[in-house]
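**Student:** Okay, here's the structure, questions in a sec.
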Ligand SMILES: N[C@@H](CCC[C@H](N)C(=O)O)C(=O)O
């Protein structure tokens, strides 16, 4: 038997188990254990699990695992939550501006009163098709626009696209976006690796905001409503059809901590 101490955080309802692994005692290759810990009935429960580890230059390293146990591409809400955790635990010396390393590279973060503003990777290109866009914002995203996101069958339609031949073998996350007024959009996301709709997806709202900009070029800042709350995204288009200075902002909240015996 082994005891694992964990913290639970959520960012707009995208929820994560976070483990301080600076001593290296948790084995990130143990897919079965991570899947078990993320299980909402038999474990702690979460859309994903993160390990906070040391980094020689940056304040820390973030390792992200989807709830299926697999080490995944970037998680935007996870990045915001681990940033808040690092501030709460005194891992970073200056909450106003700090940096960490993730699977897609370096991220800057700013923390103030429970809100984390996280710099995301530059987006070099957007594949714009007739009915959808496809882009990588740290994780791959298919984005389509719908008239009424509340009436969209996110689970079944998302799953069909996620497993469609076009995206094999890696699959994709799938976002359904509805324009509201001005710079406001509503987004619902089917996440691969969770294999369900989640209450929010950070890299997904970034992809959705950039896709919305392609339809409404006068906006480069978006207010986004997701099932679990509100997020903001801003960016600057570059001269080659890409996007730089991409920031994702929203709440990152401690839920509880505990020890689980496995
Ligand atoms: N919830 C995340 C995205 C996590 C990764 C995704 N499920 C994938 O495997 O691509 C976010 O907030 O960005």
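Backbone N, Cα and C define each Cβ position, glycine as well.
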**Student:** Of the candidates 14, 124, which one does TrEMBL list alongside 66, 76, 77, 173, 191, 192, 202, 203 as binding substrate?
**Tutor:** 14
**Student:** Report, in whole Å, the straight Cα-to-Cα distance of residue 75 (active site) from residue 173 (substrate binding site).
**Tutor:** 11
**Student:** Which one, from the binding-site residues 14, 173, 203, has the smallest tally of other C-beta atoms lying within 10 Å of its C-beta?
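**Tutor:** Looking at the binding-site residues 14, 173, 203, the Cβ with the fewest others within 10 Å is that of 173.
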**Student:** Near residue 76 (substrate binding site), which residues of its chain come within a Cβ-Cβ distance under 8 Å, counting only those 6 or more away in sequence?
**Tutor:** 118, 120, 137, 138, 201, 202, 203, 204, 205, 206, 248
**Student:** Can you give me the same-chain residues 6 or more apart in sequence from residue 192 (substrate binding site) with a CB-CB distance under 8 Å?
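**Tutor:** Residue 192 (substrate binding site) has long-range Cβ partners 66, 162, 171, 172, 173.
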**Student:** Relative to the Cβ of residue 75 (active site), which residues of the same chain, six or more apart in sequence, are found under 8 Å away?
**Tutor:** 14, 16, 48, 50, 64, 138, 139, 202, 203
**Student:** Taking the Cβ of residue 201 (active site, proton acceptor) as centre, how many other Cβ atoms lie within 10 Å?
**Tutor:** 34
